[in-house]
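Q: Sharing the feature lines straight out of TrEMBL:
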- Arg64, Arg75, Arg82, Met118, Ser120, Asp122: alpha-D-mannose 1-phosphate binding site (BINDING)
- Asn150: Mg(2+) binding site (BINDING)
Amino acid sequence: VIYKFDYVFAENGTVQYKNGQLVSKQAIQDHLGEELLQDLINFCLNYMALLKLPKKRGTFIEFRNGMLNISPIGRSCTPEERIEFSELDKKERIREKFVAALQREFAGKGLRFSRGGMISFDVFPEGWDKRYCLNVLDDERFDTIHFFGNETTP
């Protein structure tokens, strides 16, 4: 894919390719620092340890270059368990309450929280959302920019 387009931006634009070559890669641990990152991870693990859910699986925190993906049920749940959690989350607002607790705990620390999908939410530094790559593209004066997210099939 990186060779088919002039520019490719992965992980909210924090990994940048131009003409098939890696030109920039940002890392959340470098931006936040190890102390804040560990405080964030420890808070999430403690919060999830106290959650009583019908099921819990594995990979509760997925560490990515530009963000942490937090999943109370765990990313390794089955498709059926994913649906079950999603229905429970709609009723009990599990992720919404979790994000609210994080916003209170880490107010003023330069973090953003974004719920999406069925089972998780993302934590990333301010400005590291899907618009991050637009800073690079400003100088190019493109008329059209195509965005492809996770769901690219009809």
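Cβ coordinates are placed from backbone N, Cα and C, and glycine is handled just like the others.
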Q: Near Asp122 (alpha-D-mannose 1-phosphate binding site), how many other Cβ atoms are within 10 Å of its Cβ?
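A: Taking every protein chain into account, the count is 20.
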Q: Where does Arg82 (alpha-D-mannose 1-phosphate binding site) sit in DSSP terms: helix, strand, or coil?
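A: Arg82 (alpha-D-mannose 1-phosphate binding site) sits in a helix per DSSP.
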Q: CB neighbours of Arg82 (alpha-D-mannose 1-phosphate binding site) within 10 A?
A: 18
Q: Do you know which of the binding-site residues Arg75, Ser120 has the most other C-beta atoms within 10 angstroms of its C-beta?
A: Ser120
